[in-house]
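Student: What Swiss-Prot lists as active site, proton donor/acceptor is C73, C183, and the listing cites sequence analysis. Look at Swiss-Prot and you will find D10, S11, Y42, G43, N74, T75, T184, H185 tagged as substrate binding site, backed by sequence analysis.
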Amino acid sequence: MDTRPIGFLDSGVGGLTVVCELIRQLPHEKIVYIGDSARAPYGPRPKKQIKEYTWELVNFLLTQNVKMIVFACNTATAVAWEEVKAALDIPVLGVVLPGASAAIKSTTKGQVGVIGTPMTVASDIYRKKIQLLAPSVQVRSLACPKFVPIVESNEMCSSIAKKIVYDSLAPLVGKIDTLVLGCTHYPLLRPIIQNVMGPSVKLIDSGAECVRDISVLLNYFDINGNYHQKAVKHRFFTTANPEIFQEIASIWLKQKINVEHVTL
């Protein structure tokens, strides 16, 4: 038994979609979450800067005595995950491979779409992972740089959000049967995305898929938390306005949480 927390990092609030699924599947595990909303989005930034920011988040989580780090951010996974994984002596998990594997299982026509930040799409990481496992699958990737700002400003239900999603996804409509939400912010726009793509297109939440791998690693390294612990205290940190973060988090997690401000 290992009662240390699992650390989650993201460029902002998007990683809460992963946390929500973890709380549902593994309610006995403690969580420490750091969202770098003050510098979001990461997607348009240079690789060197993304690596620098990611390491700052990692080092912060290490001060919290975490037993595992989850990159709840596709951009950080694409740019820095392998480097961080090689450098640390605790498990480090990204969201890309679980999402890619789920897309392969889902597609019936071999036509998969991937949407993400400009950096995630430019890295081509999803296509590489998907075609490494299933070479015959065709992958269409599309950058959606306007999605993260919508979520970070808590405007997911606005009319402008609907128009932006509709216009952004137009190149993929009617051309795929599976769509990977290659940014953990995007599930917060899921109802609009599903409406635009149509009911026949299966949406893959890379973050939710990641939780299954977290469970496997906890078992493999024998670092599961206390199954009998009912009242688990989580900690949430943001580099931006705690009130905005708390508002979004409370809606998504369906519970009121305390959010602490941190300067990196």
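Cβ atoms are placed via backbone N, Cα and C, with glycine included.
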Student: Return only the integer: C-alpha distance in Å from T184 (substrate binding site) to C73 (active site, proton donor/acceptor).
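Tutor: Their Cα atoms are separated by 6 Å.
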Student: Suppose the substrate site is D10, S11, Y42, G43, N74, T75, T184, H185. Which further residues of the same chain have a Cβ inside 8 angstroms of that site's Cβ centroid?
Tutor: G12, G14, G15, A40, P41, C73, A76, T117, T120, V148, C183
Student: Just to verify: the residue among C73, C183 with the fewest other Cβ atoms within 10 Å, which of the active-site residues is it?
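Tutor: Relative to the other active-site residues in C73, C183, C183 has the fewest Cβ atoms within 10 Å.
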Student: Where C73 (active site, proton donor/acceptor) and D10 (substrate binding site) are concerned, what is their Cα separation in Å, rounded?
Tutor: 5
Student: Distance between D10 (substrate binding site) and C183 (active site, proton donor/acceptor) at the Cα atoms, whole Å?
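Tutor: Their Cα atoms are separated by 10 Å.
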Student: Please report how many Å separate the Cα atom of T75 (substrate binding site) from that of C183 (active site, proton donor/acceptor), as a whole number.
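Tutor: On Cα coordinates alone, these residues lie 7 Å apart.
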Student: Quick check: in three-state DSSP terms, what is D10 (substrate binding site)?
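Tutor: DSSP assigns D10 (substrate binding site) to strand.
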Student: How far is it from S11 (substrate binding site) to C183 (active site, proton donor/acceptor), counting Cα to Cα, in Å?
Tutor: 10
Student: Using Cβ atoms only, which residues of the same chain lie under 8 Å from G43 (substrate binding site) while being at least 6 residues apart in sequence?
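Tutor: The list for G43 (substrate binding site) reads S11, T75, G116, T117, P118, M119, T120, A143, P145, V148, C183, given in order along the sequence.
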Student: Look up C183 (active site, proton donor/acceptor) in the DSSP assignment and reduce it to helix, strand or coil.
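Tutor: For C183 (active site, proton donor/acceptor) - judged by DSSP and reduced to three states - the answer is coil.
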Student: Of all the binding-site residues here, S11, T184, which one's CB has the most other CB atoms within 10 A?
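Tutor: Result for the most crowded candidate: T184.
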Student: So how many other Cβ atoms are close to T75 (substrate binding site), meaning within 10 Å of its Cβ?
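Tutor: Counting Cβ neighbours of T75 (substrate binding site) within 10 Å gives 34.
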